[in-house]
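S.K.: Take a look at this one; I'll ask things after.
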Amino acid sequence: MGEGSDEERNEEAEPNRPKTIVVGIGASAGGVRALQDLFAALPEKTGAAFVVVVHLDPDTRSEMSNILAARTHMPVLQVGDPVALQPDHVYVIPPDRRLHITDDEIATAEFEEPRGKRAPIDLFFRSLAEQHGDGCAVILTGAGSDGAVGVRAVKESGGIILVQDPTEAEFPSMPRAAIATGIADFILPIREIAQRLTELVREKNNGTPADLRGLNSDLLRRILAHVRVRTGHDFSKYKRATILRRIARRMQVTRSDSPNAYYDVLRDSPDEAQALLGDLLISVTSFFRDKEAFQTLELQVIPQLFHGKLSDRAIRVWVPGCATGEEAYSVAMLLLEQASRQDIRPTIQVFGSDIDARALAMAREGQYPAAIEADVSEDRLRRFFVKEGDHYRVRQELRDLVLFASHSLLKDPPFSRLDLIACRNLLIYLDRDLQELACNTFHYALHPDGFLMLGTSESADNPPGQFRTFDRKARIYQSSAAPGELRLLPRLLGSVAVVHEQAAHPMRPPSTSALLNEAAAHRQALEKLAPPSILVDQSHRVLHMSENAGRFLQPAGGPLSGNVVDLVRPELRFELRSALHRVFETAQPWLSLPIPVRFNGSPHRVLMHVKPAEDHDDGGENRAIVLFIEGGAVEQVTDGQSAEIGAGNEIINRLREELQQTQARLRTTREESESANEELRAANEELQSINEEYRSTSEELETSKEELQSINEELQTVNSELKLKLEAVSRAHSDLQNLMAATDFGTLFLDSSLRIKRFTQQVTELFSITPSDEGRPISDFAHRLEYDGLVGDARRVLSNLTPIAHEIRSRDGRWYDVRLRPYRTVDDKIDGVVLTFVDMTDRRLTEEALRTSERKLRQETQLVELSRDPIFIWDFSGTILEWNRGSEQLYGYSRDEAVGKKKEKLLGTTVPGSSFAELRARLHDEGSWSGEIKHRTKGGRELTVESSIILETVGGQQLALESTRDVTERKAWETQQRLLLRELTHRVKNTLTVVQSIAHQTRRFSKSYEEFTDRLDGRLAALAAAHSLLVDSEWRGADLGTLARKQFEPHVGGNPDRVKITGQPVFLPADLATPFGLVFHELATNAAKYGPFSRRAGTVDLSWNLEKRNGQPSLTVIWRERGGPKITEPKTKGFGSELIERAIPNSTVRREFASSGVICTIDVQLPTALDVDP
């Protein structure tokens, strides 16, 4: 259920004071015509006050009040100073101001938001909801989404929402945004809106709240029962006043005259139950609602949540009744901001829950109207949101932090181990008993000292003692539970009926079978209510699963496996395997991040919560329980809306420009009209004087006639001169045409408006133009150049008079030198742009080939010089001619020291099994040689190198190119490897001898094959454990304490504290580690069969002491058993006893069979000093 409203907080205030019914009307682009039609269709007397809120230019005087006054008989007033609301009046918003209502007055206020981020319709609708909750909100044509947030507040406070049919609206964006909220009561054409408004206002004025107070309890119970059957939601424990108000609203919408008539509509219409449910679950909220409370949360609570949390810990927050997600995202933003200030960032998980599936779908979508700019700061919008047309979408970083789930606070088990619960304005809908149940649930779900944030009219004082006040003004409380205190899950709403039924009948002691049946029923009911779960053992084998866990299973093909990792869906297997390993290793619970899983082709988010199962007390192996938490479907985003919004923005901008131009022309026309009147008066006087002037002018014309005759003679002379000049221009034009035709490059002439003046034939290869296209803008034509900036460069040449040149590639792969120059006339005026296109493909290819050749030459030249491998060149006499850096680094000689020296002398070259002279002879015959040779460095170190030599003839001279690689260390490793292999072979033979002896002796003393295999397996495992430690230390030895723990692990039932080990660090050599491991195994096996390990309370003390006796190191080891059964000394000795007494060389073993258990003392004389700290 969404957040509450101020209506709930003041539902008892001033019940008898009548208020004027207010109708708020919001419109934007195209709204003038829609408003004219609406008021033209409204009657003069309706009994309501109409408030018109439109988007106005803040710098222009508005004529909206005069425009509407011409279409209605109601008084129309542009709001200035605060004015009382009166029925049958129209109030219009002024420019650059927002409207708000206080009591029965309407007033203006300045915007807090900058221009471009204002939502005047949303702001007024919120004010309307707070002060006149039963009013009406009307959304007409307009671009954007202003009003989509405000209508939620009006609907939640009990008002009626009417929206213009988008198919009729000139700009349908605003109506569609309001319809998308899912709360519109009527979607109608303009004229039907007027008719429906009239009916609604008349019904509100004629009806009174007393009509519903007469609704008898039986009818109300039947209405709620019908809703429960149809929707699955029980509202019988919600506040009666809230339910009556919602029913009254639905009666208005369905035009029901009485509660009985509405109950008939509810029964006859399958959709009405869902509609009433929608009213009862009105999902209204906003980002950072009650900013002072969120500021307290940010500054005083959030930092405490991070205190002491390491990166492997999680901060868990729950927002019950999250509605469309704004509050959950608000808390998540505060957590992310605090995390960015932390050096160590713990994992953050925010759970948002609600029972309204439609609201949850919007929350998961994470898309909100642009009106949230009024609630979210610019910095947060930039960091946490992405602008998409007229909406904002939460960024993925924020979206991944919040998991939304369908969950009932009163019926479903709560989330647990929470650090913060933010449940604001939900408890006000519940009666006192349900409020107490909710507080008990919060107390159970929170960590000790966890925080609870409630709404401004809510309290956590009932039941007392569970919470202490942290900040009363912000309604923030802190759990009073002590660490380790046992807190029980409160009885949820699903068990209320059982309680009432039991109270009506006397209690009888249940039988044992009845208790078992009830326990099974209880367990089965919990499995249905709780998230799907699977119980597994330490081998990941499934022990039990809840009946609703099958949704998350998808066994692989082949034989059926009992391993839970093989049974779950493929998307979950990797995370589950890691989680189980971690939980069994650390015994700490683990919660995964949301994992995308496809159910029936649609993606869902699934969390896995794995925790140790601590309810077994039989001392057996560990178990874990895996819970699957499904976050719902991930809805897909379509491109239709974003395209539509983009088109809407373009239309808005064009209309805004046209409106500004029209207003400017209107002002000019008014000024011209006033001045024209004055000019007409003056014109009359001027006409009189003109008549006088006309008479004198006639006389002057007679004189001018004679002058014109002489001028005609002069013109004939000028015409002759012009004819000669035109002939010269024609010849020049012909010359220019021939010149242009003779050139191999294209030339294009553009005028100052970038229109085509003329062009050469070569231009047609690049532009789809013909001679008939002269005079058209060049921007109208496509071209085959990869040159999108051609028109922009032409404009820059015109403005800067600076030539521009580019090398441009055409789409068919050719290259052109494109130059743009100003077109200068003969009188040095700029009259356009000249573009030339020179085909430079051949030159470009030649240059590219040349650059490639040069680059390849440089690479080959530097290859020898920069190679890390030693490479040098010597002639056939052995003189070194070239010496690279790799040679300098390997041999220590610089290039100056090496060049000119004899290779054999400088490097002391020797060829194993041959000679340098033979190497040269073979090189001469075969042209190449490779093999191992010996070289000596400048420091005198002898190296074994792999040498590759190639003989080349350059200018008639034979040169040897030699490349070497140092393999000295590799040869040494190969020698060591051979030694290790021989040592390993020796140890394997010894080990096989020991194993053979153990098997032989075990068979001698075994009475059956099963006894033989059991004892042999144990002894071989002990031997393998000792060998594992020796292998880890490369057979240097093993630590005595680690060796003992390895042997005891299989016998202590996962409880290492049953063996107390004391003694200084002792590192046993390999020949002692193996027999000691066998002895410890025999002692532990006997203790498990006959001694302390056979009982829960039994323990063993193992201690040792290392000292010198007569200069020789001596080790004394004592095994002492406690808490086992009473034992006696065996009459015969088996192979195990012989192993204990004889396995350790140079040792003395004494065993005492005391009543408390066996005491075994082992004294070992060590031939050499024993390491105490390897």
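Note: Cβ is positioned from N, Cα and C throughout, glycine not excepted.
Quantities reported herein were computed from a predicted structural model and do not represent experimental measurements.
Sharing the record's features from TrEMBL:
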| type | residues | note |
| --- | --- | --- |
| DOMAIN | 18-204 | domain 'CheB-type methylesterase' |
| ACT_SITE | S28 | active site |
| ACT_SITE | H55 | active site |
| ACT_SITE | D146 | active site |
| DOMAIN | 220-471 | domain 'CheR-type methyltransferase' |
| COILED | 652-739 | coiled coil |
| DOMAIN | 802-852 | domain 'PAC' |
| DOMAIN | 856-901 | domain 'PAS' |
S.K.: How big is the Cα-to-Cα gap, in Å, between D146 (active site) and S28 (active site)?
M.R.: 9
S.K.: Whole-number Å only: compute the distance from the Cα of H55 (active site) to the Cα of S28 (active site).
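M.R.: H55 (active site) and S28 (active site) have their Cα atoms 5 Å apart.
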S.K.: Using a 10 Å cut-off, grab the number of neighbouring Cβ atoms around the Cβ of D146 (active site), all chains included.
M.R.: 31
S.K.: What is the Cβ neighbour count of H55 (active site) at a 10 Å cut-off, with all protein chains included?
M.R.: 23
S.K.: Using DSSP, what is the helix/strand/coil residue split across the domain 'PAC' (802-852)?
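M.R.: Taking the domain 'PAC' (802-852) as a whole: 12 helix, 27 strand, 12 coil.
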S.K.: Measuring CB to CB from S28 (active site), give everything in the same chain under 8 Å that is also at least six residues away in sequence.
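M.R.: Expected: V54, H55, I121, T141, G142, A143, G144, D146, F171, M174.
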